[in-house]
Structure formats: structure tokens, C-alpha cells
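Features of the protein shown, as given by Swiss-Prot:
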BINDING   Asp7, Asp140  Mg(2+) 1 binding site
ACT_SITE  Asp7  active site
BINDING   Glu67  Mg(2+) 2 binding site
ACT_SITE  Glu67  active site
ACT_SITE  Asp140  active site
Amino acid sequence: MKVLGIDPGTATTGYGLIRSEAGRVKAITYGTIVTPAQLEMPLRLYQIYRELQALLMEYKPDAVAVEEIFYNRNSKTVITVAQSRGVILMTAAAAGIPVAEYTPLQVKQAVVGYGAAEKKQVQLMVQKILGLQQLPRPDDAADALAVAICHLHSYRLSSFLESSATKAGEKR
């Protein structure tokens, strides 16, 4: 299974593509989509759309996992991140790829096992889980890889629970 994790933003959107095969998880690619601050918002959003669409066409992930917006006192930041999330969700939907959304708390719990983990702890666990030689950089890409790992854990758990429920139903 291939999962594309996304850490949304207007200035910088992180992405991280992972693959799970035979119980092993590997990073395929990761990086950022950076939009110039001098561009008007519609053009920045269009750039995110174009670059994400190219990633989806090239790598054909089985799922896209997007981090939800966390509370921020700056309402302008929340609005611009929400706009980029809308573009991301629409781009994945248009490509026919299932989308899952996770809170930062869920991501930290899935990757580190502790919902109040520090950013550095998350990065170290992402490095360890994916067997990377160095910490994934930049931070937005590391966060996106963590979101993808979170989805993979969630998918495995739900598949296991479905399988267990089916087997329990067959025994009746």
C-alpha cells in the first residue's frame, strides 16, 4: 500500500509518500511545495493544486492522508491553511483517491505513542520507522511522513478489526 501524507500550508505544504510491503515501511519520496509570498492567493492555491496533481499522477498512491488544522490564535493563518486543505482534498477527490484526515494528536499518538510529543521526538520516530539515515527535512516533509505513517497504522488496525469481526461472525 502506498500512502501520500500531506501537511497543508499556503507558503509550504509538506508531502511524504511511503510504501508498506511485507510488514516493512519505506519512504519513496518526500519534500515540500513552496509558493512565493508575492503571488496572489488564488495563484498560490493553483500552484499547490498543480504540484499535488503531478505527484498523484506520478506515484499513484492508494490513499492520501491529510493533517487537520490545529487551533491557532491567528485566524488569518487558520483561514489560509483551510484554503490549502480545500485544494488538497479536492485534488485527491478529483483523482479518485480516498482521503483520510488526522489531528496532530492522532499523528503523535500513532508515531510516538504520546499525544503531547515534541516535534523532535516525532521526527526521530519517523526516521527510525522508515529506516532513514538522517532526520527527514524540512519539518513540513517530516510532518507529512508522520501523517502517512499514522494512516498506515490506522488502516492496518481497521483491517485487522474487520478481519477479526468477520472471523467471529463465521464461528457463530
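Just so it is clear, glycine is given a Cβ too, placed from its N, Cα and C backbone atoms.
The model shown is predicted, which means the values in this text are computed figures rather than measured ones.
Here the features listed in Swiss-Prot are placed on the structure.
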residue	record	Cβ within 10 Å
Asp7	Mg(2+) 1 binding site	26
Glu67	Mg(2+) 2 binding site	25
Asp140	Mg(2+) 1 binding site	23
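For the pair formed by Asp140 (Mg(2+) 1 binding site) and Glu67 (Mg(2+) 2 binding site), distance between Cα atoms is given as 11 Å, rounded to the nearest Å. Cα to Cα, Glu67 (Mg(2+) 2 binding site) and Asp7 (Mg(2+) 1 binding site) are separated by 6 Å. When secondary structure is read from DSSP and collapsed to three states, Asp7 (Mg(2+) 1 binding site) falls in the strand class. In the three-state DSSP reading, Asp140 (Mg(2+) 1 binding site) counts as helix.
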